[in-house]
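Worksheet: the structure to be examined is printed underneath.
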Amino acid sequence: MTTKPIFVVDNGAYMSKSKMNTTDKSKIIPNCIMKSKFYPRRTFIADQIDNECPNKTSLYYQLPFQKGYLVDWNIQKQVWDYLFGKIPFKTTGLLMTEPCMNLNFIRETMDQIFFEEYEVASFARYDPATLSAYQYEQDMKSNYVLVIDSGFSFTHIVPFYQGRKLFDGMTRIDVGGKLLTNQLKSVISYRQLVVMNETYIINELKENICYVSLDFQEDMKKARLPLSENSNSLDYILPDYNEIKQGYVQSSSTSTFNGNIADSSKKNLTKQQQQIVRMNVERFTIPEILFRPSIIGIDQAGIAESIYNSVEQLPEHIRPSLYNNILLTGGNCLFPNFKERLENELRSMIKDDYPIRITLPENPITYALNAGVTLTNSSDYINYCVTKREYDEHGVSICHRKFTDNP
Amino acid sequence: MEQPQQRLTRQTKENLSSTSSSSRILDASARARRTQKFLESLEQDNFHDDPTEPSSSFDPTLTQEQIAKSLSNISAFGYSRHSKGLILESDEPTTTTTTSNSSNKRRKIQFKYDVFKTRFRKNLQTLLDEELGSNGEKSNDEKNYFTIVAKPSKYPSIKLCSVCGFLSQYTCQICGNLYCSLKCLDIHKDTRCLKFTV
């Protein structure tokens, strides 16, 4: 029963990460449908955009998720159909993630769609934090883990004991990658160049050059310095999808004395057409929103403070174990210095004799996916999933029972 | 010696202008509404219109099926964008026409189960309301979507100039945005202040 192939999907609001538990190849595709004004006749589903649409300006996004929850099933169905391709679900199981605190309606619809529309052999849905905790507790031989899942729509802080959620400490911060990109867009549009329609390009920019500041005041001072001695200011060249296919950082504005004449003359040729955005304070004030949502007027504590708040709600004797087992997952953790900043800030808040250990996996984006694969390969996976036969007999109620009772 | 004088005259000028249009100063609730609106805008997926919308670029060579498909896409999207839970009047006719046009291929795109069709037409706000309703008054002590939201911070917020992005110490008298210098204030007044009021 357990040797059955199972398709694991970490169905994020922005990226859908998937993998067959029998192979080693994972597939990461955007979970959306896009339209381009250059190809008015067609739509691009998921990663078709990478291969079939060379010009990524003014993409029109249709996302199935809203504020992190699945609402547009028509779009989602098209992406799923594309993703599943020719997987024979008669003999293949499915493990799919759902957001933390998913709404009951979405849960039920999902169960029904997979059993009745796709007719999967077995189905399981857990939130990515649960899967990550499962993997972490196995790897580190630890009973406790505090999972930080900072994704596209929001950031969740979830403490676990032996694979079970400690509900008292669960916290959600409504800051995610989408908000950061949109804020960056509006800031650049106001100060320099109107880029409100260029979600794709600005997201790329954000991923390339934004970072978390370790000393905000100090970095602010540095950013104030005149351009010649300012190491923080960067000129970022936006792609025009004609000659420049991808945005990049201009190798310092005074590159002419570097002697690379051939290169610089080539650049001069196109200088007129180049679209440059000068990034200075934006590089660290945007990710700073994760730590201080109050910057843009969200009345919620930042990540570090919320971790402190949620752990302090739990019994005192388990607090050190939680601080000692913090796991970072989700794309926002890829900002440089994220882990260090979190550690610094936590250190200043919690008791001196509590140890802090933060784990940043090699790839925080696919951590939950790989954890899901581990779970499906474990011998007792049958207890975690609902088979077609069970569903036919008990209906939706068994899904509800199994997925909430298990971790 | 010259600078304070300059500032003084500016201030008096300000006072004059603010008294002449004092009704335009936003109160706290209007400012809160404005922030709320701004935060909502940060949740938006797109800031421009659908490039393939049939009304703007109607192509007679499209087959009926393609039109039906794009129509259904748009109505679904238009619906989801209106977060107030209202059913748009324009929604109903389009769905009926598309279903009447339905052929075999069309059915493939749609779900086999008709039950879902009505259920798909729920947006997040209705879903959240349902969730809250089913929990009733108990929702205060139970852990659910509404109660796990992070608490307000006990630290003061970092104040950043709304124009240049550096640290700021001043607040615009009229709209409450932050600014750091007179130069930024001037830019702010020319571009943003009350330009997109509630």
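Residue numbers in this text run from 1 along the chain shown.
Heads up, the Cβ atoms here are built off N, Cα and C, so glycines get one too.
Range with TrEMBL annotation region 'Disordered', chosen from B:1-31, B:125-155, is B:1-31. Here TrEMBL gives region 'Disordered' for one range in the set B:41-60, B:101-120: that range is B:41-60. In terms of DSSP helix, strand and coil, the domain 'HIT-type' (B:161-193) has 10 helix, 5 strand, 18 coil.
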